[in-house]
Amino acid sequence: MSKTIKKIGVLTSGGDSPGMNAAIRSVVRTCAYHNIECVGIYRGYQGMIEGDFKEMGPRSVNNIVNKGGTILKSARSKEFMTVEGRKKAHENLVDAGIDALVVIGGDGSFTGAEVFNNEFGYPVMGIPGTIDNDIFGTSHTLGFDTALNTVVDCIDKIRDTASSHNRLFLVEVMGRDAGHIALNAGIGAGAEEILIPEEDLGLERLLESLRRSKASGKSSSIVVIAEGDKIGKNVFELKDYIEENFPEYDIRVSVLGHMQRGGSPSCYDRVLASRLGVKAVESILEGKSNFMVGIINDKVALTPLEQAIKGHSEIDRELLRVSDIMTT
Ligand code: ATP
């Protein structure tokens, strides 16, 4: 028989993403709705080790649904990777009377939560927060939709200058291991070519595609490149390579960088965060633990943390085909 849950802790860990605040708000208010206490844990697992806790009520999360970043701050904690660090964190939770934990973060944070659960039998529930959308068990992670809108907005602006000067723009977007941002935003912004880690287009095919596009009458082009693209060159080396082979092109590089992680969350991310927060708390109250809450077939669903960590979030092959057709 599992222990009655009277107090839940919530933290944000790893890279921040838009929608984390809306998820914190949802967790806090769902606790209040069910008459249980909620404690905010600052700076992720590091704050857990240092006992950096603050009681939170429904009014302490006013006016944050629209804010990017995370009011609880995020951190990466080396100490939590050690047994001693986790032991200290566990003692702090027990001392504060916190019975279960909601972890908002990426797969590294989930790994930490799973290890913690295995060691202490402590109830944990994960909410996927990362702009990369690279987590198995959910069609969307918090911040992905907002990042897509940011990238599309930037590329729309780049397109204005690209077409005015007949330039080729190489736009690097985030995604070290996953091309979800590049593929979706590339289609949305009408890119001529999209380079992602999951597909090795190859340099020759890229040049061929640019040649075709020029021959078909396009005077400017935009190529979207995920930072982890396996073409074997970084975006600046790629520029040099294309220039050597294609001297007639005037090429510019734009690395969008951290702006993709910031900004006010989109409506989609706010609604997603609200749904996942409710499900996380209510699942804990039903005695469930060691799951991630996500969206599968438009419904909120639970996936065991182990699967969420080990599973691979596949690129959508249909989107690849759509992208090929759109660049005709
Ligand atoms: P992002 O997607 O932005 O990288 P993330 O959650 O994957 O987010 P990580 O830096 O990988 O970010 O992990 C966040 C924290 O989780 C780490 O700093 C560490 O404290 C904890 N963590 C990760 N892996 C483990 C592990 N194997 N054991 C214990 N704790 C871990």
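Glycine is treated like the rest: Cβ placed from N, Cα and C.
In the record from TrEMBL, residues Arg25, Ser26, Val27, Val28, Arg29, Gly190, Ala191, Glu192, Lys218, Ser219, Ser220 bind ADP; the candidate from Arg43, Arg159, Arg176 listed for the same site is Arg159. Together with Arg76, Ser77, Gly106, Asp107, Gly108, Ser109, TrEMBL lists one candidate of Gly15, Gly19, Gly40 for binding ATP, that being Gly15. Annotation: Asp132 are the recorded positions among Arg29, Arg76, Asp107, Asp132, Ser219 whose CA atoms are within 10 angstroms of the CA of Met174 (substrate binding site). Closeness to ligand 1 is met by Arg76, Gly108, Ser109, these being the binding-site residues among Arg76, Gly108, Ser109, Met174, Arg252, Met259 whose Cβ falls under 6 Å from the molecule. Neighbour count (other Cβ atoms within 10 Å of the Cβ, all protein chains): 20 for Gly15 (ATP binding site). The two recorded residues, Arg261 (substrate binding site) and Ser109 (ATP binding site), have Cα atoms 17 Å apart. The distance from the Cα of Ser109 (ATP binding site) to the Cα of Thr130 (substrate binding site) comes to 11 Å. Annotation note: Met174 (substrate binding site) sits in a coil segment as assigned by DSSP. The maximum pairwise C-alpha distance among Gly15, Arg76, Ser77, Gly106, Asp107, Gly108, Ser109, the residues recorded as binding ATP, is 14 Å.
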